[in-house]
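Okay, structure first, notes after.
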Amino acid sequence: MRILCTNDDGIHAPGLKTVEQIARAISDDVWVVAPELDQSGVSHSLSLNDPLRLREVGPRHFAVRGTPTDCVIMGSRFILKDKAPDLVLSGVNRGRNVAEDVVYSGTIAGALEGTILGLPSFALSQEFTIETRNAPLWETARTHAPDIIRKVMAAGVPKNTVVNINFPACTPDKVKGVVVTRQGKRNPGFLRIDERHDGRGNPYYWIGFERIKVEDMPAEGTDLAALAANFVSVTPLKLDRTDETFSAALANTLA
């Protein structure tokens, strides 16, 4: 099985080394094509106004000056054009990709692009806490991911579906199990703007995120709830985002 690995944290990110280890636990034919620089939060963007630069940084390891989407396209349609990958693994992201993260995440986008190209694709993310922020517990993803991926691949991944896997912020032995979840939803106030000032007194701004409060505990059955209870969350995400229920109602409204 030929596996293409990518991420959004960049070619030198520790999570990329982790996803490569996960891939090598499944196959010996592993290729890494990842962004030259950190591309967190770029979602599914394509580089259409700038040329892509490709640099070989080691055997079967390539850095692309572009987005995760660019990397999957370069990997599958150029670097591996003679024999396409059988599987795309995107991650392991530093931090979870759940709820609304799904629409912002470059990690998810890398897997989505693989799906668009007709390849079974998984997005992998490792949650961290305030205490583990600077040293996420990569061993949790490394320990549990290979078995999950093997089982899902054996069952078969439907076309136009991405498998989004999030690992809780606990050691491997503390993981309570694996659950299939639905995409959760946060309180709309989870985004914030931080205003700061440079040395000349000019303002600049950072987009930030509020942590979930106790009173905002997530709904049961969601990716958020699974991680909070130390379960691995496995969420199938469809490429087709059509709201079928509203479509039917809208058709009657506009008839």
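Heads up, the Cβ atoms here are built off N, Cα and C, so glycines get one too.
Taken from Swiss-Prot, the feature divalent metal cation binding site covers D8, D9, S40, N93, and the record attributes it to sequence analysis.
Positions of Swiss-Prot features highlighted on the structure.
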residue: D8; record: divalent metal cation binding site; CB count, 10 Å: 31
residue: D9; record: divalent metal cation binding site; CB count, 10 Å: 23
residue: S40; record: divalent metal cation binding site; CB count, 10 Å: 18
residue: N93; record: divalent metal cation binding site; CB count, 10 Å: 30
*Determine which residues of this chain, when D8, D9, S40, N93 are set aside, have a Cβ within 8 Å of the centroid of the divalent metal cation site's Cβ atoms, and list them as they appear in the sequence.*
N7, G10, A13, G15, D38, Q39, G41, P68, G91, R94, G95, S105, G106, T107
_DSSP-derived class (H/G/I helix, E/B strand, else coil) of N93 (divalent metal cation binding site)_ = strand
